[in-house]
């Protein structure tokens, strides 16, 4: 089997698949969602954002999501800037 056939088959198998990522979902201003140790709140919030699941990460007391769509915004390295888009 030559390489071009192998590449074509691999491309067809991955076409239309959406990758997923994990992270802290954010609202305006790159601000994550505080959770106060409420896992149910975070799980609901994450699922509303099309994630597989979520929980309240006790170290930062912020919601953390598993399986967010690749297009979903997650917390970067910058500071929270409330009121900024």
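Cβ coordinates come from backbone N, Cα and C, glycine included.
What Swiss-Prot records for 1-19 is signal peptide. As annotated by Swiss-Prot, domain 'LCN-type CS-alpha/beta' applies to 21-81, with the evidence given as sequence analysis. Under the heading disulfide bond, Swiss-Prot lists 31-80, 35-56, 42-63, 46-65, citing sequence analysis as support. Positions annotated as proline amide by Swiss-Prot, on the basis of similarity to another entry: 82.
Structural mapping of features recorded in Swiss-Prot.
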residue : record         : DSSP (3 states)
31      : disulfide bond : strand
42      : disulfide bond : helix
56      : disulfide bond : strand
63      : disulfide bond : strand
80      : disulfide bond : coil
When pLDDT is averaged across the domain 'LCN-type CS-alpha/beta' (21-81), the result is 95
Between residue 63 (disulfide bond) and residue 80 (disulfide bond), how far is it from one CA atom to the other, in Å?
-> 15
From 42, 46, 65, 80, the disulfide-bonded residues whose CA lies within 10 Å of that of residue 35 (disulfide bond) = 42
Neighbours of residue 56 (disulfide bond) among the disulfide-bonded residues 42, 65, 80 (Cα to Cα, within 10 Å) = 42, 65
Out of 31, 65, 80, the disulfide-bonded residues in the record, which is closest to residue 42 (disulfide bond) when you go by Cα distance?
-> 65
Separation of alpha carbons, the residue listed as 'proline amide' and residue 65 (disulfide bond) (Å) | 21
Take the C-alpha atoms of residue 31 (disulfide bond) and residue 46 (disulfide bond) and report the distance between them in angstrom, rounded.
-> 15
Taking just the CA atoms, what is the gap between residue 82 (proline amide) and residue 46 (disulfide bond) in Å?
-> 20
